[in-house]
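Undergrad: One structure, as structure tokens, below. Some questions next.
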Amino acid sequence: MTESVTNQPLSDVDPDVAQAIQDELGRQRSTLEMIASENFAPRAVLEAQGSVLTNKYAEGYPGRRYYGGCEYVDVVENLARDRACELFGADHANVQPHSGAQANTAVMAALMQPGDTLMGLSLAHGGHLTHGMKINVSGKLYNIAAYEVEPETYRIDMDRVREQALEARPNVIVAGWSAYSRQLDFEAFRSIADEVGAKLWVDMAHFAGLVAAGLHPNPVPHAHVTTSTVHKTLAGPRSGVILCEADLKKKIDSAVFPGQQGGPLMHAIAGKAVAFKIAASEGFAERQRRTIEGAQILAERLTAPDLAEHGVSVLTGGTDVHLVLVDLRDSELDGKQAEDLLHRAGITVNRNAVPWDPRPPMVTSGLRIGTPALATRGFGAEQFTEVADVIAQALMPGADVDALRSRVDALTEQFPLYPGLEEW
């Protein structure tokens, strides 16, 4: 790399990548993002991630690095750790995991030996692949005892979880999900873990932003270890964080570095520090209130009689969180068809398996629809009511996709994304 290239903008050095980024910005601006695991990072977070911290190697932890010149990245990492602890009331935070999956894998390595038993929610019933999926490292290294939702309610029955834990005697119980629309009983999970001599690990990747806003029970006081991503409801960089009790600090830190990772991504850690600061603000809490309100408006519309007539329903009958799980098993549409139809209308969602789904994973019989990105964009009850009706109309036979797209266009124009940003 020459000095001249070092100082040239992306559009000059690589116009192909620059154009793809610009096109993606256009896509995000012109559509309604309703994938439950996605959000719009504040510009301050994007700037932190695009900073010169990208250049710095910093193996180790603040005050104990294996490279020189780390005095300023130490400041950044300490800010991120302290803010995470304060935000969630944790004894210790490790902000180095590159992703939520890395955080989860590190926790398992810290708390278990290969062959130990992990008990988590089945992937087919809303769990995450790192909670014991057979082809994931969690399913390869550990013995898995998966619990499921109840067939009548699609909810987790804690009495059943206790019965299974008493039989399986797991070393670790993980409470968390990727597709579940109700709050978990963390106190009950801890009681069960204590009864069977297990550690309780909570994966709050999806609902951490709701916890930070005080709108969802905080798992940290109940869990031995808590993990999260930072980019979902927290709207930070794509990355992970681990929170733990003080006596597990050394085990957790060692499992992350040198156990699984080398140099931390200091630009991402800077983005985490910024995101945690924003998450402590009243503006953030207000956004989370609109996030939940929007999901509940959506759930109410999708349980209306006109949709029920066409075989569309909502798992658990509603939601306590930021997402709605749509059941299409009795509909003319499968999950992929519904996802594609909504895409044509300008709404991005993801097809999702429902419990006991008869269709293959690439097709599915459901949709997972989330509201965080639209709340970040500024949507309130009025706009969520309109979006909910657009989705409802799209899922009924004979939908006029062009007319629905016009309604979506009106919303995106009313709430511009990253205004003033002409070129990225």
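Each Cβ is built from the backbone N, Cα and C atoms, and glycine gets one as well.
According to Swiss-Prot, the protein has these features:
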- Leu123, Gly127, His128, Leu129, Glu245: (6S)-5,6,7,8-tetrahydrofolate binding site (BINDING)
- Lys232: N6-(pyridoxal phosphate)lysine (MOD_RES)
- His231: site 'Plays an important role in substrate specificity' (SITE)
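Show me how these features fit into the structure around them.
TA: Reduced to three states, the DSSP call for Leu123 ((6S)-5,6,7,8-tetrahydrofolate binding site) is helix. For Leu123 ((6S)-5,6,7,8-tetrahydrofolate binding site), the number of other Cβ atoms no farther than 10 Å from its own Cβ, over all displayed protein chains, is 21.
Long-range C-beta contacts of Lys232 (N6-(pyridoxal phosphate)lysine), restricted to its own chain and to partners at least six residues apart, with a cutoff below 8 Å, comprise Ala36, Ser37, Glu38, Asn39, Ala205, His206, Ala208, Gly209, Pro372.
In sequence order, Ser37, Glu38, Asn39, Ala41, Pro237, Arg238, Ser239 are the residues of the chain that are 6 or more apart from His231 (site 'Plays an important role in substrate specificity') and have a CB within less than 8 Å of its CB.
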Undergrad: Measure between the Cα atoms of every pair in Leu123, Gly127, His128, Leu129, Glu245, the residues the record assigns to (6S)-5,6,7,8-tetrahydrofolate, and report the largest value in Å, rounded to a whole number.
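TA: Greatest Cα separation within the listed binding residues comes to 27 Å.
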Undergrad: Translate the DSSP assignment of His128 ((6S)-5,6,7,8-tetrahydrofolate binding site) into the three-state scheme.
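TA: Coil, per DSSP.
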Undergrad: Please report the three-state DSSP label of Lys232 (N6-(pyridoxal phosphate)lysine).
TA: coil
